[in-house]
Amino acid sequence: MREEGGKAASGSPAGGHSAAAAQNSLHLKEPAVTQNGHNPAQTASQGQGVDSPTQNPIAASTIPREQWGGKYEFLLSCIGYCVGLGNVWRFPYLCYRNGGGVFLIPYFIMLFVAGVPLFLMELSLGQYGAAGPITVWKCCPLLKGIGIGMLCVSTLVCLYYNVIIAWTFYYLGSSFQSPLPWSCDAIANAAVCSNVTAGNSSSGRARTPTEIFWNENVLGLVNSEGLHDPGPVRWPLALCLLAAWIIIFLCMLKGIRSSGKVVYVTATFPYFVLIVLIIRGATLEGSLQGIAFYLTPDWARLANAQVWNDAASQIFYSLGIGVGGLLSMASYNKFDNNVIRDTIVITTGNCCTSFFAGFAIFSILGHMAWRKGVSVGEVADTGPGLAFVAYPEALALLPGSVFWSIMFFLMLFMLGVDTLFGNMEGITTAVLDEFPQLRQNTLHKCLFLGSLCFAFYLMGLLLVTEGGIYWFTLIDSFSTSFGLIIITLFMCIGISFFYGVNQFCQDIIDMIRHCPPWCTKVLIYFEACWVFFTPFLLLFILAFIFIEMYNTSLHYGSYVYPRWGKALGVCMGATCCLQILIWAIVAISKETGTLKDRFQKAIRPLNSWRVNNLNSTIRVAEHMEPERVEAPFTVTLTDMDFHAMTWETGSQA
């Protein structure tokens, strides 16, 4: 008779075979054979689903899974993943646009109500399940589409994010010229700079050398009419993009064993550069004007819903929630890693870095405004405009501008590479977990990673055409918009109400093992957020995004996107979140019974969920008891008996 809820039956001979037999039962994940239909282990796993008989859990479990070389590699990788270009060009701009220092109030409220709880949820889910964004949903097969949606979002992000690194390469190479090619000291810009001076005194509409360098030399934007006219590929940028993908490929070639070592440099170097830039900026004339502009509070802005939406969007953008990178990196942790401590350290470090970077940016922008005799608001910009127009112009005004420019763009390169590591890790981990045979063959794994990087490179060529910036802005605007919020909302609801928030908290306590009293008290707060506060906040953000998307037009500079372009962006976001519905229908259709029965079966964890993590042999020996076949007398199975038996697969519940 086949039990539907039990674990694998395995023998436990006395002596040295007990631990091996216990681990053997973990690997085989087959139901116990009983005579009277009762399995004492069923009470512990009651309500769990059954793995598909087409899967091969034996092969999947025997494939070794990598682990971080140390806890600092994981922490630095997560910090590097979260601390990205958004901390340098997005947070400072949002801070001064939304009331200066008063923006920190909604920012930290959003951080503690949504950011930190969701961050902990992703890390805990990945670490407990020891699986990527797709496979980890064995805890609730109905929501497998969340993992597929994360994969779609991560693909879109990787597609355009490495283009930023290509731009950084281009500027980094140009920074070795003296004078800088976008400075007024360059002979080619002498006439332009004289026109800028005249323009500032009259209309103020004259273009600066940095704008000309960005739009003409780098992008070639003047030769494109819009989204419908991408034009030819800019081959200097295409070569920079190729170099960027080659670097990503080489750094990820050996998985976390190689990328975990790289982050010791890439995650720490930006902090060194920021400190140097802050010290240099503090010595410049007009720097206090920039800092005052950055921090001066405008209390009336708190009544504006846009401020709260910007704060929430920045939290999601900066922490990388809902993309799958955090979940994947946590899956390589040891089972007993203190995930609550890591969450607090990483989120605090990320937000402090955002605030810290603002001083480096606005101290130099204040000096730039002082040199030009204008307000800081006239020289500040957002997105690529801040990183590749306003800031290079400010660097060109400094003594030793070549050195400062090299340092700044090297910092941007490090920030971009770290974030891309996390996004690529989410994709590769998801695929390797679904096709575990790739982990066994190093050549096949290298070919897969190389093919993935090359495919991204080919798709990215569209973004380095003369009109590529229009496509870049479109993907950037919609890839992490409403689709990401919907994915995160369903993740929160699924874990809280389908899997069970109490069970999830217990899983976290099981991982920490020796959980200090403060951990259990903090979990009460997180439990309240997951069940009530965070879902309602996500619904508020989602409603605001839809209202804003309907009422405002998408534009880049003076170019307004056509309706078909905006509709294409909406389709990108919809494709990501519709995966939840599609795969939920697939999961329900695989079950039997009434619709209610199908739904209840589809939300039950699979048998392999709770035995997925074999990182600690000590834990296996402590927590796994030998299982027995219950009959009128007790029969203890040996390894010989176990391997000799032919198990009846039966029908899936």
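Note: Cβ is positioned from N, Cα and C throughout, glycine not excepted.
What TrEMBL says about this protein:
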BINDING   G80, V83, N87, S318, N350, L415, D418  Na(+) binding site
COMPBIAS  7-22  compositional bias 'Low complexity'
COMPBIAS  33-56  compositional bias 'Polar residues'
DISULFID  C184-C193  disulfide bond
REGION    1-56  region 'Disordered'
TRANSMEM  74-92  transmembrane segment
TRANSMEM  104-125  transmembrane segment
TRANSMEM  146-172  transmembrane segment
TRANSMEM  235-256  transmembrane segment
TRANSMEM  268-295  transmembrane segment
TRANSMEM  315-332  transmembrane segment
TRANSMEM  344-365  transmembrane segment
TRANSMEM  394-415  transmembrane segment
TRANSMEM  446-472  transmembrane segment
TRANSMEM  478-501  transmembrane segment
TRANSMEM  522-547  transmembrane segment
TRANSMEM  567-588  transmembrane segment
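Remote same-chain residues near the transmembrane segment (446-472) are listed as 158-160, 162-163, 166, 219-221, 223-227, 229-234, 237-238, 241-242, 245-246, 248-249, 252-253, 384, 424, 427-428, 431, 438, 556, 559, 561, 565 (criterion: CB distance under 8 Å, separation of at least six residues from the stretch ends).
Cβ neighbour count for N87 (Na(+) binding site) (all protein chains, 10 Å cutoff from its Cβ): 27. C184 (disulfide bond) is surrounded by 19 other CB atoms, counting those within 10 A of its CB over all protein chains shown. Among the recorded stretches 74-92, 268-295, 315-332, the one sharing the largest number of Cβ pairs closer than 8 Å with the transmembrane segment (146-172) is 315-332. Between the transmembrane segment (344-365) and the stretches 74-92, 104-125, 235-256, 478-501, it is 74-92 that has the most C-beta pairs under 8 angstroms. Using a cut-off of 8 Å between Cβ atoms, the transmembrane segment (478-501) and the transmembrane segment (315-332) share at least three residue pairs, counting only pairs 6 or more apart in sequence.
For the transmembrane segment (74-92), the partner stretch with the most Cβ pairs below 8 Å, chosen from 104-125, 315-332, 567-588, is 315-332. For the transmembrane segment (567-588), the list of distant contacts is 141-146, 148-149, 152-153, 156, 474-475, 477-479, 481-484, 486-487, 490, 549, 554, 595, 598-599, 602: same-chain residues at least six beyond its ends, Cβ to Cβ under 8 Å. Of all the recorded positions listed here (V83, C193, L415), it is C193 whose C-beta has the fewest other C-beta atoms within 10 angstroms. Long-range contacts of the transmembrane segment (315-332) within its own chain (CB-CB distance under 8 A, at least 6 residues past either end) are made by residues 65-68, 74, 77-78, 81-84, 86-87, 90-91, 107, 110-111, 114-115, 118-119, 122-127, 129-133, 136, 147, 150-151, 153-154, 157, 256, 339, 347, 350-351, 354, 419, 422-423, 425-430, 480, 484-485, 487-488, 491. Taking only the Cα positions, the spacing between G80 (Na(+) binding site) and C184 (disulfide bond) is 35 angstrom.
Of all Cβ atoms in the protein chains displayed, 25 besides its own lie within 10 Å of the Cβ of S318 (Na(+) binding site).
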